[in-house]
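Per TrEMBL, the features are:
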type	residues	note
BINDING	Cys62, Cys66, Cys69	[4Fe-4S] cluster binding site
BINDING	Ser137	(3R)-3-methyl-D-ornithine binding site
BINDING	Glu162, Arg182	S-adenosyl-L-methionine binding site
DOMAIN	48-270	domain 'Radical SAM core'
Amino acid sequence: MKELIDKLYETQVLERKELVHLLNNFSADISDYLFEKSRLVAKNNFGNSIYTRGLIEFTNFCKNDCYYCGISKSNKNADRYRLSMEEILSCCETGYELGFRTFVLQGGDDGYYSVDKVVEIIKKIKSAYPDCAITLSIGEHSYESYKKFYEAGADRYLLRHETATDVHYKKLHPAELSLANRKQCLYNLKEIGFQVGTGFMIGSPFQTVENLADDLLFIKEFKPHMIGIGPFIPHKDTRFFNEKQGSLELTLLLIGILRLMHPKVLIPATTALGTIDPKGREKGILAGANVVMPNLSPVNVRNKYSLYDNKICTGEEAAECRFCLQNRMQKIGYELVIDRGDYKE
Ligand code: SAM
Ligand code: FES
């Protein structure tokens, strides 16, 4: 097993059967061996700097019905909201004062926000904060729409592929959504010029170790600028309410593997990781992640953006979230930096 990790460290690649073997047979010792190396690679590329992104969850309306997601359209218990332009700008103002230089606009796939409306939001934020990057995470759109977002000033786009296996994708999504379209969107975004992030959940229902190996291989082939992974966590109002949540150990192992496969890629220690373990985000950083995404959404909507149960940071003001993370990172020897945190070759 250690030889496999050495090989990954030296060559940044493993064959599918080697990945499957590693994922099937890892132990705490092997993980520690991996994390020493993945942490070193992260330190060599980013020092002890941790990039921050201010997350603005601006709508929880969604026209899709992803079976795992708490804000999917068929959840009649979801209390739906949309932020106004003023509210979004006010989140940015607070965020800017707190030192954020990237704003992530995330939401359900909400048709209310037409291309023109999204373009207007991007332009307003960019003109108020020209030194900030804008990341969009608003799902699948046409090539032309993505191009308009880019031309309006959006810099980055997050679109997790969720699973790179067609059969598995179909078990997590209704028939109108397809892995082929999701991947096409990712390639379109890259061609247009966005810094692109993809990723997947660990422990989603029906997932096999082979599926995870194929996720790693798809990411290797796609070469994203950002990779967001986190454990699947059930939501009480979805069909997967009774499913097991993803494992902390496996999520951390995958962060370590991804860091060795992609030394310069931006990897967040996600909120979902912090939700399944009180020190989850710290552990993610120590496994090779280099980004955190504190919440900037107004407190009165926080618990409505409920993708999964028991999500953390739903009661705190933006400043509290920022300072809490700052302390957490300092305790493990890292610093939050005031920086756009772009991908660098
Ligand atoms: N609508 C956009 C999209 O589809 O990409 C962005 C919002 S979507 C809620 C953001 C991510 O949340 C998804 O890509 C998915 O991986 C994650 N997510 C949704 N439900 C989850 C759950 N139950 N547990 C963990 N992550 C979840
Ligand atoms: Fe649309 Fe989750 S189903 S954001």
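The chain as shown is numbered from 1 upward.
Backbone N, Cα and C atoms are what each Cβ position is placed from, and that goes for glycine too.
Unlike curated entries, TrEMBL annotations are predicted automatically.
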(request) Select, from Cys69, Ser137, Glu162, Arg182, each of the binding-site residues with a Cβ positioned under 6 A from at least one atom of ligand 2; if none does, say none. (result) Cys69
(message) I'd like the number of other C-beta atoms within 10 A of the C-beta of Cys69 ([4Fe-4S] cluster binding site), please.
(response) 21
(request) Using C-alpha atoms only, work out the spacing between Glu162 (S-adenosyl-L-methionine binding site) and Cys66 ([4Fe-4S] cluster binding site) and round it to an integer in Å. (result) 10
(request) Report the residues of the chain - excluding Cys62, Cys66, Cys69 - with C-beta within 8 Å of the mean position of the site's C-beta atoms, for the recorded [4Fe-4S] cluster site, in sequence order. (result) Asn64, Asp65, Tyr68, Gly70, Ile71, Ser72, Lys73, Gly108, Asp109, Leu307
(message) I'm checking region-level scores; what's the whole-number mean pLDDT for the domain 'Radical SAM core' (48-270)?
(response) 98
(message) I'd like the Cβ neighbour count for Ser137 ((3R)-3-methyl-D-ornithine binding site), meaning other Cβ atoms within 10 Å of its Cβ, all protein chains included.
(response) 18
(request) In three-state terms from DSSP, label Arg182 (S-adenosyl-L-methionine binding site) for me. (result) helix
(request) Enumerate same-chain residues with a sequence separation of six or more from Arg182 (S-adenosyl-L-methionine binding site) and a Cβ-Cβ distance below 8 A; give 'none' if the list is empty. (result) Glu140, Leu159, His161, Glu162, Tyr169
(message) So, three-state DSSP: helix, strand or coil for Glu162 (S-adenosyl-L-methionine binding site)?
(response) strand
